[in-house]
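K.L.:
First the structure, then my questions, so here it is.
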Amino acid sequence: MARMMVVALMVVALAVVGGARAQLREGFYEQSCPRAEQIVKHYVQQHIPHAPSVAATLLRTHFHDCFVRGCDASVLLNATGGNEAEKDAAPNQTLRGFAFIDRVKALVEAECPGVVSCADILALAARDSVVVIVISKPPLFFNCLLLTAHRHGRSSISPRNYLTPNKKLRRMMNDEMQGGPSWSVPTGRRDGTVSIKQEALDQIPAPTMNFTQLLQSFHNKSLELADLVWLSGAHTIGIGHCDSFTERLYNFTGRGGPGDADPSLDPVYAANLRRNKCKTATDNTTIVEMDPGSFLTFDLSYYRGVLKRRGLFQSDAALITDAAAKADILSVVNAPPEVFFQVFARSMVRMGNIQVKTGHEGEIRKHCALVN
């Protein structure tokens, strides 16, 4: 039943974004650059296993790009002529994927000069990196078996030689081994030629937003409440910086001090963050896992943390202040991970179609950081 509902949701999603998809299509480069998507995927598969944290920043870069001027790679442009660009805005200063995309673009340009847009390369790399990130690390269950084997003096071991009668352990094994979500990435986007810092500051949802503000931000991009809930699930991977949430720990009402913490944050978790991570209210360098203990695995533990009032940002905590959003979260936390994967995929398809440039709009940049 759950799978049938998800399929129905995706059919509706495709109809809603039909206007954009009429100009974007899967396999757009089949004739003009047949190996384009293969080149992107191969590079991602080669490098993400060695730097898995980059997957989160590629996904975040794609999100930030689409929320400002649409999915046109404007976030990748450098400042010119003294005018600051989107990447100079505070929300984008911690993005680390620019050099990664530049290297992929160089490979694609060597194959097909002036054909494949930076916007498409970013969309494809974000998708492919999420698929790779989970399967790039050894399964937790297998690690446990290796530890058991070591303790019992066994030199080699295979999961297939062992039974797992414990249902919880079997579920953990399945969660670890199945890989991350994938989704359709229709191509044909063109690159924008304008990038303005202030637009990024104004349009990228902030980690301090309440639910009403978040939902309005998504509505401004023709996205829905469900998209807000499922795209927030990307916080299951990646990290945050202390200065994005220290007010929740030290100065929530303006009084200041450890006693002035956000009451919506679990006090035990807040105390742990103050003691072990963000030790001062002015810390702007320390990084914290957004999904502690699972930040390199695309799974449901982020939502479980949110329900326990352990979301890192105010925007995370905001998700359970709305009855409909909380109901959505509750509907997936105990369901098979595939249910979350598919609704996340649906929302990624919708986001990837925000205000795309096609046809003769924009350009195909030769270098992603520079207009032609």
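Glycine residues also receive a Cβ, built from the backbone N, Cα and C atoms like all the rest.
Note that TrEMBL annotation is computational and uncurated.
Since we're looking at a predicted model, the values are computed, not measured.
What TrEMBL records for 1-22 is signal peptide. Annotation source TrEMBL lists domain 'Plant heme peroxidase family profile' at 23-372. Look at TrEMBL and you will find CYS33-CYS112, CYS66-CYS71, CYS118-CYS368, CYS242-CYS278 tagged as disulfide bond. The site 'Transition state stabilizer' annotation in TrEMBL covers ARG60. Per TrEMBL, the feature active site, proton acceptor maps to HIS64. Sequence annotations record features per position, and here TrEMBL assigns Ca(2+) 1 binding site to ASP65, VAL68, GLY70, ASP72, SER74, GLU86. Marked as substrate binding site by TrEMBL: PRO205. Annotation source TrEMBL lists heme b binding site at HIS235. Under the heading Ca(2+) 2 binding site, TrEMBL lists THR236, ASP291, ASP299.
Any idea what these are sitting next to in the structure?
P.N.:
Averaged across the domain 'Plant heme peroxidase family profile' (23-372), the predicted model reaches a pLDDT of 89.
Annotation for ARG60 (site 'Transition state stabilizer'): spatial neighbours LEU95, ALA234, GLY238, criterion Cβ-Cβ under 8 Å with sequence separation of six or more.
Counting Cβ atoms from all protein chains shown, HIS64 (active site, proton acceptor) has 21 others lying within 10 Å of its own Cβ.
Under a cutoff of 8 A between CB atoms, and with a sequence separation of 6+ in the same chain, the neighbours of ASP72 (Ca(2+) 1 binding site) are ASP65, ALA119, ARG189, ARG190, ASP191, GLY192, GLN355, VAL356, LYS357, GLY362.
In sequence order, LYS221, MET351, GLY352, ILE354, GLN355 are the residues of the chain that are 6 or more apart from CYS66 (disulfide bond) and have a CB within less than 8 Å of its CB.
Within its own chain, PRO205 (substrate binding site) has PHE67, GLN213, LEU214, SER217, PHE218, SER315 as residues 6 or more apart in sequence whose C-beta sits under 8 angstroms from its own.
The C-beta environment of HIS235 (heme b binding site), restricted to residues of the same chain at least 6 apart in sequence and closer than 8 Å, consists of MET290, ASP291, TYR302, GLY311, LEU312, PHE313, ASP316.
For CYS278 (disulfide bond), applying a Cβ distance below 8 Å and a minimum sequence separation of six or more within one chain yields CYS242, PHE245, THR246, LEU249, THR286, VAL288.
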K.L.:
Rank the binding-site residues SER74, THR236 by how many other Cβ atoms lie within 10 Å of each Cβ and give me the one with the fewest.
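P.N.:
Selected from the binding-site residues SER74, THR236 on minimum Cβ neighbours within 10 Å: THR236.
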K.L.:
Can you tell me which recorded positions out of GLY70, CYS71, GLU86, THR236 are within 10 A of HIS64 (active site, proton acceptor) by Cα, answering none if there aren't any?
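P.N.:
If one measures from the Cα of HIS64 (active site, proton acceptor), the recorded positions that come within 10 Å are GLY70, CYS71, GLU86.
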K.L.:
Please report the Cα separation of CYS33 (disulfide bond) and VAL68 (Ca(2+) 1 binding site) in Å, rounded to an integer.
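P.N.:
With distance taken Cα to Cα, VAL68 (Ca(2+) 1 binding site) is 28 Å from CYS33 (disulfide bond).
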K.L.:
If you count Cβ atoms within 10 Å of the Cβ of CYS368 (disulfide bond), leaving out that atom itself, what do you get?
P.N.:
23
K.L.:
Cβ within 8 Å of the Ca(2+) 1 site centroid (ASP65, VAL68, GLY70, ASP72, SER74, GLU86 excluded): which residues?
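P.N.:
Counting only non-site residues, the set is HIS64, CYS66, PHE67, ARG69, CYS71, ALA73, VAL75, GLY192, SER195.
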K.L.:
Which one, from the binding-site residues ASP65, GLU86, ASP291, ASP299, has the smallest tally of other C-beta atoms lying within 10 Å of its C-beta?
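P.N.:
Selected from the binding-site residues ASP65, GLU86, ASP291, ASP299 on minimum Cβ neighbours within 10 Å: ASP299.
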